[in-house]
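Okay, structure first, notes after.
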Amino acid sequence: MYSYFILLFNLPTLIISKLLWVAENRTVLTNNKLITIQSMRFKKTPFPYYGKNPLISKSGKSKRQCAEICMDDEQCISWSSDGDLCLCYSISFLAGQQATTNTFSDEWSSFEVMNPCTENLNLCEHGSTCAPDRLNKTYECLLCLAPYTGLHCNETGPPTPPTVSQDILDGKNSSCRTLKKYYDISVHKTIQTIYPWRDQRNITVVCHGDRMTVTKITNSNSEIRDLSDIDLVDGLDLTNGLFRAKASFLNNLQKLIYFDKIYFRCSQTNGGATYSFVNRIVNDLVNYRQAKYFTGDNYWKPVVTHWAWVPNSLGYTWDPEDGKLSTRSSVLKEDRPFKNVVIGNDGKHFTFSDDQPKQCFGNVWDWFKIEVV
Ligand SMILES: *[C@@H]1O[C@H](CO)[C@@H](O)[C@H](O)[C@H]1NC(C)=O
Ligand SMILES: *[C@@H]1O[C@H](CO)[C@@H](O)[C@H](O)[C@H]1NC(C)=O
Ligand SMILES: *[C@@H]1O[C@H](CO)[C@@H](O)[C@H](O)[C@H]1NC(C)=O
Ligand SMILES: *[C@@H]1O[C@H](CO)[C@@H](O)[C@H](O)[C@H]1NC(C)=O
Ligand SMILES: *[C@@H]1O[C@H](CO)[C@@H](O)[C@H](O)[C@H]1NC(C)=O
């Protein structure tokens, strides 16, 4: 007889003698019968996850069957299930390999194969991401940013002072999203200190629930501070003055906190109309890629239908004639997050570039904000 058994994390640690990268067969005696059970150690994640590109997706599977499916696939690291849909992934959610912002019904739960990344959340240091590799029984620290190098991204730079708290090291204070998740901060705007590098470096930021404000331009004459990749090597204050995220800033930021939604918002100073839009269904890989244009990761202008648009009652028709965001002519990569973000079919602009009148569809000198989550 052949059946399966799952050992969950809350078992006494004494029996967790080693990590099981492969499911192990054990023979046990039950009711005077010898049966072989397949076992593997899974850790229940504190939140259910729904990732962008599942390795396996099968419906009509119980949670136990989902665990079996994961055990049987040598690349499977984590699985999520509601008792019907089974989703297996080759990434570590506990190590923060993807951002996930979906809310789930109570039936959903996720489990992760115990691996070096789950057992030491700070194995990959200074903002790098731990990526377990079950096939090769190893792990890798991805996205290690300068000045750090090395297998664990902890060489060549200054050491982390011993005063940095475990919550920061473990990434619970990494972003507005993690603050919302672990500390349930207000859904309204609050000033928070985040530690995306998971060391002493910090950013003071306005969190709007789980969203982080990275661009803020108003119709004042104050100088606008342009943020690029070099602004993300040290601490930063994003609560004072005006600032504008360039593509390289967003690019480095998403290496640190893996955001998956970008909210663009502009408000007209005269008339009060506000327009905001966000990449749609963020956990779908195709839609997620649409946001990557603004971080300079690809060259494809996002397709309008992949964005959710929230016009106010004035009902501006924004469909650009080619169905794409951004202009037909090319925009410098660094300027993509704010220059000609949308041009409507009436020729009006959503643009906050210095070499054009800043405008929210026609009203010159308006308000502009970008939030990432
Ligand atoms: C466990 O048993 C199954 C079925 O007999 C077999 O396919 C599998 O290779 C075994 N796994 C190990 C780790 O020995
Ligand atoms: C894992 O092992 C496979 C097969 O041995 C190999 O092709 C692959 O490159 C390895 N992956 C890594 C990341 O080392
Ligand atoms: C880097 O991290 C590894 C694994 O945690 C540790 O063994 C090593 O001592 C660390 N090196 C430095 C320079 O801190
Ligand atoms: C982490 O963030 C929470 C919520 O803002 C805060 O209460 C807590 O003090 C922070 N922890 C550290 C170590 O800064
Ligand atoms: C935050 O960073 C500033 C420097 O930018 C530093 O002076 C301060 O000590 C840091 N705060 C914490 C709590 O680590």
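Backbone N, Cα and C atoms are what each Cβ position is placed from, and that goes for glycine too.
TrEMBL does not curate its annotations; it predicts them automatically.
When the candidates C130, C144 are compared with TrEMBL, only one is recorded as disulfide-bonded to C153, and it is C144. Within the set C117, C141, TrEMBL assigns C141 as the partner of C124, by disulphide bond. Under DSSP, the residues of the domain 'EGF-like' (113-154) split into helix, strand and coil as follows: 4 helix, 12 strand, 26 coil.
Around C153 (disulfide bond), the C-beta neighbours below 8 angstroms that are at least 6 residues distant in the chain are C124, E125, H126, G127, S128, C141, C144. Local packing around the Cβ, expressed as the count of other Cβ atoms within 10 angstroms, is greatest for C124 among the disulfide-bonded residues C124, C141, C144.
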